[in-house]
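Working notes, beginning with the structure itself.
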Amino acid sequence: MLDLLQKFVDLGSIVVLPILIFVFGLILGTKPSKAFISALTVGVGFVGLNLVIDLLTNSLGPAAQAMVERFGLNLTTIDVGWPAAAAISYGTVLGSLAIPVAIVVNVLLIIVGLTKTLNVDIWNIWHAAFVASLVYAVTNDFAMGMLATVIYTMMILLFGDILGPIINKFYGFPNIT
């Protein structure tokens with residue numbers, strides 16, 4: 001089973017993420033034509049995002065290297081910011097799976113009553129994708145990376161449950177974390 005999942009993920013995020021979005025749309029009751037267009041839009045957007053990241057890296061790398069040489073600095077890292085980090089996270093082996101895994105974990109925890117938080121901010125699941133990708137990079141263990149996604153998602157939902165009442169008290173916004 002894990003081998004089949006690995007082969008699916010090996011297709012790459014540009015293929016996997018649109019398929020997952022299409023299936024998720026169908027599960028939520030979206031018409032197949034609209035789910036297909038949404039999935040296609042995500043795929044095209046992801047191709048564009050990867051092109052921008054490649055161009056950014058190819059442009060900033062030499063510029064940063066020239067600055068290091070000119071000023072005698074010892075810099076080894078370029079901070080491209082969270083949008084690029086998020087795109088890179090979704091582009092890894094496990095990144096595409098972080099969204100459906102996090103959603104399933106969230107729904108299951110709500111059903112069994114272990115959380116009151118429903119995470120509707122799908123884009124911010126990139127944090128779980130990032131953690132899963134780091135774990136996979138260090139351990140080279142696909143299952144361990146998936147487990148990292150599950151644990152990270154559970155922690156975020158727990159923090160949501162803890163912070164919800166505090167945010168409500170301070171800002172006066174009920175049921176928001």
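Just so you know, glycine gets a Cβ as well, placed from its N, Cα and C.
What TrEMBL annotates here:
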TRANSMEM  12-28  transmembrane segment
TRANSMEM  35-53  transmembrane segment
TRANSMEM  93-115  transmembrane segment
TRANSMEM  122-139  transmembrane segment
TRANSMEM  145-167  transmembrane segment
Outside the transmembrane segment (145-167), six or more residues from its ends: residues with CB under 8 Å to it: 93-94, 97-98, 101-102, 105-106, 109, 115-117, 119, 125, 127-129, 131-136, 139, 173, 175-177
Positions whose Cβ lies under 8 angstroms from the transmembrane segment (35-53), at least six residues beyond its ends: 13-15, 17-19, 21-22, 25-26, 80, 84, 87-88, 90-91
